[in-house]
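A.B. asks: Pulled these features from TrEMBL for this protein:
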DOMAIN    26-183  domain 'Glycerol-3-phosphate dehydrogenase NAD-dependent N-terminal'
BINDING   K129, R278, N279  substrate binding site
DOMAIN    203-341  domain 'Glycerol-3-phosphate dehydrogenase NAD-dependent C-terminal'
ACT_SITE  K214  active site, proton acceptor
BINDING   R278  NAD(+) binding site
Amino acid sequence: MSFFSKLFRRRWQLPFYKKTNGSIGNVAIIGSGSWATAIAKIVIEHTHYIGWYMRSQEKISNFKLYGHNPGYLTSTHFNIDEIDFYTDINKIINDFDTLIFVIPSPYLKDLLDKITINIKDKNIIIAIKGLVPGENLTCSEYIHQKFKVNYEQLAIIGGPSHSEEVAMERLTYLTVGCSNEQKAENICKILRSNYIKAKTSNDVLGIEYASVLKNVYAIAAGICDGLKYGDNFQAVLLSNAIAEMELFLTTIAPINRTISDSVYMGDQLVTGYSNFSRNRTFGTMIGRGYSIKSAQIEMQMIAEGYYGTKCMYEINKDIQAKMPILSSMYNILYKKADVKQEIILLTDSFR
(Lines of atoms letter the chains of each structure in order from A and count residues from 1; the text may use other names and numbers.)
(Lines give C-alpha, C1' and ligand atoms only; values in the text may rest on other atoms or scores of the structure.)
Protein backbone atom coordinates (compact mmCIF):
# COMPACT_ATOMS: atom_id res chain seq x y z
CA MET A 1 0.00 0.00 0.00
CA SER A 2 1.37 3.43 -0.96
CA PHE A 3 1.93 6.21 1.54
CA PHE A 4 -1.00 8.23 0.14
CA SER A 5 -3.30 5.19 0.21
CA LYS A 6 -2.49 4.62 3.86
CA LEU A 7 -3.01 8.30 4.62
CA PHE A 8 -6.39 8.22 2.89
CA ARG A 9 -7.43 5.12 4.82
CA ARG A 10 -6.23 6.60 8.10
CA ARG A 11 -8.06 9.90 7.65
CA TRP A 12 -11.31 9.00 5.97
CA GLN A 13 -12.13 5.30 6.14
CA LEU A 14 -12.04 4.74 9.89
CA PRO A 15 -15.50 4.81 11.49
CA PHE A 16 -14.12 6.39 14.69
CA TYR A 17 -11.52 8.71 13.20
CA LYS A 18 -13.12 12.07 14.03
CA LYS A 19 -12.72 12.41 17.76
CA THR A 20 -15.74 13.64 19.68
CA ASN A 21 -16.57 13.33 23.37
CA GLY A 22 -15.84 9.72 24.24
CA SER A 23 -14.63 8.83 20.72
CA ILE A 24 -11.53 6.71 20.34
CA GLY A 25 -10.06 7.74 16.98
CA ASN A 26 -7.61 5.44 15.22
CA VAL A 27 -6.24 2.44 17.08
CA ALA A 28 -2.80 0.95 17.65
CA ILE A 29 -1.86 -2.36 19.27
CA ILE A 30 1.18 -2.35 21.56
CA GLY A 31 2.48 -5.91 21.93
CA SER A 32 3.10 -8.99 19.82
CA GLY A 33 1.96 -11.99 21.87
CA SER A 34 -1.09 -14.21 21.58
CA TRP A 35 -3.56 -11.88 23.32
CA ALA A 36 -2.25 -8.89 21.33
CA THR A 37 -2.80 -10.90 18.16
CA ALA A 38 -6.32 -11.86 19.21
CA ILE A 39 -7.24 -8.26 20.03
CA ALA A 40 -5.76 -7.09 16.73
CA LYS A 41 -8.00 -9.60 14.94
CA ILE A 42 -11.07 -8.32 16.81
CA VAL A 43 -10.35 -4.62 16.23
CA ILE A 44 -9.27 -4.80 12.60
CA GLU A 45 -12.53 -6.51 11.65
CA HIS A 46 -14.19 -3.18 12.51
CA THR A 47 -11.61 -0.53 11.64
CA HIS A 48 -9.89 -2.24 8.67
CA TYR A 49 -6.76 -0.36 9.69
CA ILE A 50 -4.51 -0.49 12.77
CA GLY A 51 -1.03 0.40 13.84
CA TRP A 52 0.93 -2.42 15.45
CA TYR A 53 4.02 -2.01 17.60
CA MET A 54 6.50 -4.88 17.83
CA ARG A 55 10.04 -4.73 19.18
CA SER A 56 11.50 -7.05 16.55
CA GLN A 57 11.95 -5.95 12.96
CA GLU A 58 12.58 -9.59 12.06
CA LYS A 59 9.18 -10.56 13.43
CA ILE A 60 7.55 -7.76 11.44
CA SER A 61 9.32 -8.91 8.25
CA ASN A 62 8.13 -12.49 8.76
CA PHE A 63 4.62 -11.26 9.57
CA LYS A 64 4.51 -9.33 6.29
CA LEU A 65 5.91 -12.33 4.40
CA TYR A 66 3.50 -14.94 5.73
CA GLY A 67 0.48 -12.81 6.63
CA HIS A 68 0.34 -13.98 10.24
CA ASN A 69 2.17 -13.54 13.53
CA PRO A 70 5.14 -15.92 13.22
CA GLY A 71 5.20 -16.68 16.94
CA TYR A 72 1.57 -16.76 18.12
CA LEU A 73 -1.82 -17.84 16.76
CA THR A 74 -0.20 -18.71 13.45
CA SER A 75 -3.49 -19.87 11.93
CA THR A 76 -4.91 -16.34 12.28
CA HIS A 77 -4.24 -14.50 9.03
CA PHE A 78 -4.36 -10.75 8.41
CA ASN A 79 -4.59 -8.46 5.40
CA ILE A 80 -1.17 -6.83 5.64
CA ASP A 81 -2.41 -3.78 3.71
CA GLU A 82 -4.58 -2.96 6.73
CA ILE A 83 -1.64 -2.77 9.15
CA ASP A 84 1.13 -0.23 9.68
CA PHE A 85 3.92 -1.86 11.68
CA TYR A 86 6.20 0.11 13.99
CA THR A 87 9.31 -0.63 16.03
CA ASP A 88 9.48 2.93 17.41
CA ILE A 89 7.14 3.30 20.39
CA ASN A 90 7.20 7.11 20.27
CA LYS A 91 6.34 7.23 16.58
CA ILE A 92 3.31 4.98 16.91
CA ILE A 93 2.10 6.99 19.91
CA ASN A 94 2.44 10.17 17.89
CA ASP A 95 0.50 8.72 14.94
CA PHE A 96 -2.46 7.15 16.76
CA ASP A 97 -5.23 8.33 19.07
CA THR A 98 -5.91 5.14 21.00
CA LEU A 99 -3.24 2.76 22.28
CA ILE A 100 -4.10 -0.77 23.39
CA PHE A 101 -1.32 -2.08 25.63
CA VAL A 102 -1.15 -5.88 25.46
CA ILE A 103 2.22 -6.95 26.84
CA PRO A 104 3.20 -9.03 29.88
CA SER A 105 3.13 -6.85 32.98
CA PRO A 106 6.82 -7.53 33.89
CA TYR A 107 7.82 -5.74 30.66
CA LEU A 108 5.46 -2.76 30.89
CA LYS A 109 7.66 -0.52 33.03
CA ASP A 110 10.68 -0.82 30.72
CA LEU A 111 8.53 -0.07 27.67
CA LEU A 112 6.91 2.97 29.28
CA ASP A 113 10.34 4.30 30.24
CA LYS A 114 11.09 4.59 26.50
CA ILE A 115 8.20 7.00 25.95
CA THR A 116 9.49 10.55 25.60
CA ILE A 117 6.43 12.31 24.17
CA ASN A 118 3.26 13.54 25.84
CA ILE A 119 0.49 10.93 26.04
CA LYS A 120 -1.94 12.88 28.25
CA ASP A 121 -4.40 13.34 25.38
CA LYS A 122 -4.28 9.71 24.23
CA ASN A 123 -6.86 7.07 24.97
CA ILE A 124 -5.10 4.25 26.81
CA ILE A 125 -6.70 0.80 26.83
CA ILE A 126 -5.04 -1.78 29.04
CA ALA A 127 -5.46 -5.46 28.18
CA ILE A 128 -2.86 -6.67 30.68
CA LYS A 129 -3.80 -9.07 33.48
CA GLY A 130 -1.06 -8.19 35.92
CA LEU A 131 0.39 -5.53 38.20
CA VAL A 132 3.56 -3.49 37.67
CA PRO A 133 6.30 -5.41 39.52
CA GLY A 134 8.37 -3.32 41.89
CA GLU A 135 5.66 -0.67 42.05
CA ASN A 136 2.75 -2.81 43.29
CA LEU A 137 0.34 -0.67 41.30
CA THR A 138 -2.27 -1.63 38.76
CA CYS A 139 -1.35 -0.72 35.20
CA SER A 140 -3.93 2.08 35.12
CA GLU A 141 -2.62 3.54 38.39
CA TYR A 142 0.96 3.42 37.16
CA ILE A 143 0.21 5.09 33.81
CA HIS A 144 -1.90 7.73 35.56
CA GLN A 145 0.91 8.55 37.99
CA LYS A 146 3.76 8.41 35.48
CA PHE A 147 2.15 10.34 32.61
CA LYS A 148 -0.66 12.27 34.36
CA VAL A 149 -3.22 10.65 32.07
CA ASN A 150 -6.73 11.43 33.29
CA TYR A 151 -8.62 8.37 34.52
CA GLU A 152 -11.37 9.14 31.99
CA GLN A 153 -8.77 8.44 29.29
CA LEU A 154 -7.87 5.05 30.80
CA ALA A 155 -9.83 1.87 30.12
CA ILE A 156 -9.45 -1.82 30.93
CA ILE A 157 -10.41 -4.92 28.95
CA GLY A 158 -11.25 -7.90 31.15
CA GLY A 159 -13.24 -11.10 31.15
CA PRO A 160 -12.79 -14.83 30.45
CA SER A 161 -10.97 -14.67 27.14
CA HIS A 162 -8.36 -17.20 26.10
CA SER A 163 -6.72 -15.89 22.94
CA GLU A 164 -6.81 -19.33 21.34
CA GLU A 165 -10.61 -19.42 21.54
CA VAL A 166 -10.91 -15.86 20.23
CA ALA A 167 -8.77 -16.89 17.26
CA MET A 168 -11.18 -19.77 16.63
CA GLU A 169 -14.09 -17.29 16.90
CA ARG A 170 -15.67 -19.09 19.83
CA LEU A 171 -18.21 -17.00 21.72
CA THR A 172 -16.41 -14.76 24.22
CA TYR A 173 -17.66 -12.16 26.72
CA LEU A 174 -15.50 -9.09 27.41
CA THR A 175 -15.98 -6.21 29.84
CA VAL A 176 -14.59 -2.72 29.25
CA GLY A 177 -13.94 -0.82 32.46
CA CYS A 178 -13.72 2.98 32.31
CA SER A 179 -14.93 5.91 34.41
CA ASN A 180 -16.20 7.51 31.18
CA GLU A 181 -19.23 5.43 30.24
CA GLN A 182 -19.50 6.82 26.70
CA LYS A 183 -15.85 6.07 26.00
CA ALA A 184 -16.30 2.54 27.35
CA GLU A 185 -19.28 2.04 25.04
CA ASN A 186 -17.32 3.33 22.03
CA ILE A 187 -14.56 0.85 22.82
CA CYS A 188 -17.16 -1.91 23.03
CA LYS A 189 -18.30 -1.00 19.51
CA ILE A 190 -14.93 -2.00 18.03
CA LEU A 191 -14.95 -5.27 19.96
CA ARG A 192 -18.47 -6.60 19.40
CA SER A 193 -19.09 -9.16 16.68
CA ASN A 194 -20.96 -12.42 16.15
CA TYR A 195 -18.45 -14.09 18.50
CA ILE A 196 -17.59 -11.19 20.87
CA LYS A 197 -20.06 -9.78 23.38
CA ALA A 198 -18.88 -6.66 25.20
CA LYS A 199 -20.36 -4.65 28.05
CA THR A 200 -19.24 -1.66 30.11
CA SER A 201 -18.34 -1.25 33.78
CA ASN A 202 -17.05 1.56 35.99
CA ASP A 203 -15.15 -0.87 38.25
CA VAL A 204 -11.70 -0.28 36.78
CA LEU A 205 -9.69 -1.16 39.89
CA GLY A 206 -11.87 -4.15 40.71
CA ILE A 207 -11.41 -5.61 37.23
CA GLU A 208 -7.66 -5.07 37.34
CA TYR A 209 -7.19 -6.66 40.75
CA ALA A 210 -9.53 -9.55 39.91
CA SER A 211 -7.56 -10.26 36.74
CA VAL A 212 -4.38 -10.52 38.83
CA LEU A 213 -5.85 -12.65 41.61
CA LYS A 214 -7.44 -15.14 39.21
CA ASN A 215 -3.95 -15.95 37.90
CA VAL A 216 -2.70 -16.55 41.44
CA TYR A 217 -5.62 -18.86 42.13
CA ALA A 218 -5.13 -20.65 38.80
CA ILE A 219 -1.59 -21.51 39.90
CA ALA A 220 -3.08 -22.95 43.09
CA ALA A 221 -5.52 -25.01 41.02
CA GLY A 222 -2.68 -26.26 38.87
CA ILE A 223 -0.57 -27.21 41.89
CA CYS A 224 -3.47 -29.23 43.30
CA ASP A 225 -3.93 -30.89 39.92
CA GLY A 226 -0.23 -31.78 39.88
CA LEU A 227 -0.61 -33.25 43.37
CA LYS A 228 -3.50 -35.42 42.08
CA TYR A 229 -6.29 -33.74 44.00
CA GLY A 230 -9.59 -34.45 42.25
CA ASP A 231 -12.45 -32.39 40.86
CA ASN A 232 -14.23 -32.36 44.22
CA PHE A 233 -11.37 -30.50 45.86
CA GLN A 234 -10.80 -28.25 42.85
CA ALA A 235 -14.38 -27.03 43.21
CA VAL A 236 -13.82 -26.28 46.90
CA LEU A 237 -10.54 -24.51 46.13
CA LEU A 238 -12.02 -22.24 43.47
CA SER A 239 -15.17 -21.43 45.44
CA ASN A 240 -12.95 -20.35 48.33
CA ALA A 241 -10.75 -18.42 45.88
CA ILE A 242 -13.76 -16.46 44.64
CA ALA A 243 -14.76 -15.65 48.23
CA GLU A 244 -11.19 -14.54 48.94
CA MET A 245 -11.22 -12.36 45.82
CA GLU A 246 -14.50 -10.74 46.84
CA LEU A 247 -13.15 -9.97 50.32
CA PHE A 248 -10.05 -8.28 48.88
CA LEU A 249 -11.99 -6.27 46.29
CA THR A 250 -14.51 -5.12 48.88
CA THR A 251 -11.68 -4.02 51.16
CA ILE A 252 -9.55 -2.16 48.61
CA ALA A 253 -12.27 -0.83 46.26
CA PRO A 254 -15.60 -0.81 48.13
CA ILE A 255 -18.18 -0.24 45.40
CA ASN A 256 -21.26 -2.21 44.44
CA ARG A 257 -20.25 -5.19 42.29
CA THR A 258 -21.60 -8.66 41.63
CA ILE A 259 -18.76 -11.15 42.08
CA SER A 260 -20.61 -13.73 39.95
CA ASP A 261 -20.29 -11.48 36.86
CA SER A 262 -18.21 -12.95 34.05
CA VAL A 263 -15.40 -10.42 34.48
CA TYR A 264 -14.78 -11.72 38.02
CA MET A 265 -16.03 -15.28 38.56
CA GLY A 266 -16.11 -16.18 34.87
CA ASP A 267 -12.49 -15.17 34.36
CA GLN A 268 -11.54 -17.09 37.50
CA LEU A 269 -13.27 -20.27 36.37
CA VAL A 270 -11.82 -20.35 32.87
CA THR A 271 -8.31 -19.59 34.14
CA GLY A 272 -8.58 -22.14 36.92
CA TYR A 273 -9.97 -25.01 34.84
CA SER A 274 -8.91 -24.56 31.21
CA ASN A 275 -6.03 -26.38 29.56
CA PHE A 276 -5.32 -23.13 27.69
CA SER A 277 -4.41 -21.45 31.01
CA ARG A 278 -0.67 -20.90 31.25
CA ASN A 279 -0.99 -20.12 34.97
CA ARG A 280 -2.74 -23.42 35.65
CA THR A 281 -0.10 -25.18 33.53
CA PHE A 282 2.67 -23.49 35.51
CA GLY A 283 1.03 -24.58 38.76
CA THR A 284 0.60 -28.15 37.54
CA MET A 285 4.32 -28.35 36.84
CA ILE A 286 5.12 -27.07 40.34
CA GLY A 287 2.75 -29.66 41.81
CA ARG A 288 4.54 -32.38 39.86
CA GLY A 289 7.87 -31.41 41.36
CA TYR A 290 9.35 -28.92 38.90
CA SER A 291 11.39 -26.08 40.33
CA ILE A 292 10.16 -22.55 39.63
CA LYS A 293 13.00 -21.95 37.20
CA SER A 294 12.63 -25.22 35.31
CA ALA A 295 8.87 -24.69 34.95
CA GLN A 296 9.43 -21.18 33.57
CA ILE A 297 12.06 -22.41 31.12
CA GLU A 298 9.94 -25.31 29.86
CA MET A 299 6.81 -23.17 29.42
CA GLN A 300 8.60 -20.49 27.34
CA MET A 301 5.68 -18.16 28.12
CA ILE A 302 5.02 -15.74 30.96
CA ALA A 303 2.84 -17.00 33.81
CA GLU A 304 1.61 -13.63 35.08
CA GLY A 305 0.43 -15.17 38.35
CA TYR A 306 4.00 -15.80 39.48
CA TYR A 307 4.74 -12.07 39.52
CA GLY A 308 1.21 -11.21 40.61
CA THR A 309 1.55 -13.36 43.72
CA LYS A 310 4.41 -11.27 45.11
CA CYS A 311 2.73 -7.96 44.25
CA MET A 312 -0.60 -8.96 45.76
CA TYR A 313 1.02 -10.36 48.89
CA GLU A 314 2.88 -7.09 49.46
CA ILE A 315 -0.25 -5.01 48.82
CA ASN A 316 -2.21 -7.15 51.25
CA LYS A 317 0.31 -6.43 54.00
CA ASP A 318 -1.33 -3.01 54.18
CA ILE A 319 -4.88 -4.18 53.45
CA GLN A 320 -4.77 -7.04 55.97
CA ALA A 321 -7.54 -9.04 54.29
CA LYS A 322 -7.68 -12.71 55.25
CA MET A 323 -6.25 -14.41 52.14
CA PRO A 324 -4.97 -17.92 52.95
CA ILE A 325 -4.71 -19.04 49.31
CA LEU A 326 -2.64 -16.01 48.36
CA SER A 327 -0.41 -16.55 51.41
CA SER A 328 0.10 -20.22 50.56
CA MET A 329 1.05 -19.41 46.97
CA TYR A 330 3.52 -16.81 48.21
CA ASN A 331 5.04 -19.35 50.60
CA ILE A 332 5.42 -21.93 47.82
CA LEU A 333 6.66 -19.60 45.08
CA TYR A 334 8.86 -17.22 47.08
CA LYS A 335 9.69 -18.87 50.41
CA LYS A 336 10.29 -22.36 49.00
CA ALA A 337 7.77 -23.94 51.36
CA ASP A 338 7.11 -27.66 50.95
CA VAL A 339 4.36 -27.84 48.33
CA LYS A 340 2.48 -30.85 49.69
CA GLN A 341 2.57 -29.63 53.28
CA GLU A 342 1.50 -26.11 52.32
CA ILE A 343 -1.57 -27.40 50.49
CA ILE A 344 -2.47 -29.67 53.42
CA LEU A 345 -2.31 -26.65 55.74
CA LEU A 346 -4.40 -24.66 53.26
CA THR A 347 -7.19 -27.25 53.23
CA ASP A 348 -7.85 -26.63 56.92
CA SER A 349 -8.86 -23.03 56.16
CA PHE A 350 -11.52 -23.97 53.59
CA ARG A 351 -15.25 -24.23 54.08
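Glycine residues also receive a Cβ, built from the backbone N, Cα and C atoms like all the rest.
TrEMBL labels come from automatic prediction, so no person has curated them.
Can you tell me where each of these features sits in this structure?
C.D. replies: Under DSSP, R278 (substrate binding site) is assigned to a helix (H, G or I) in the three-state scheme.
In this model, the domain 'Glycerol-3-phosphate dehydrogenase NAD-dependent C-terminal' (203-341) carries an average pLDDT of 96.
According to DSSP, K214 (active site, proton acceptor) is assigned to a helical segment.
Less than 8 angstroms from the CB of R278 (substrate binding site) sit M299, M301, I302, A303, each of them six or more residues away in the same chain.
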A.B. asks: Expressed to the nearest Å, what is the distance separating N279 (substrate binding site) and K214 (active site, proton acceptor) at their Cα atoms?
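C.D. replies: Rounded to a whole number, the Cα-Cα distance is 9 Å.
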A.B. asks: Starting from the Cβ centroid of K129, R278, N279, the recorded substrate site, name every other residue in that chain with its Cβ within 8 Å, sequence order please.
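C.D. replies: Along the chain, the qualifying residues are N215, A218, T271, S277, R280, F282, I302, A303, E304, G305.
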A.B. asks: Expressed to the nearest Å, what is the distance separating K129 (substrate binding site) and K214 (active site, proton acceptor) at their Cα atoms?
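C.D. replies: Computed Cα spacing between K129 (substrate binding site) and K214 (active site, proton acceptor) is 9 Å.
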A.B. asks: List the same-chain residues at least 6 positions away in sequence whose Cβ sits under 8 Å from the Cβ of K214 (active site, proton acceptor), in sequence order, or say none.
C.D. replies: K129, A241, M245, D267, Q268, T271, G272
A.B. asks: If the substrate binders are K129, R278, N279 per the record, what's the largest distance between their Cα atoms, in Å?
C.D. replies: 12
A.B. asks: Determine the Cβ neighbour count for K129 (substrate binding site): the number of other Cβ atoms within 10 Å of its Cβ.
C.D. replies: 27
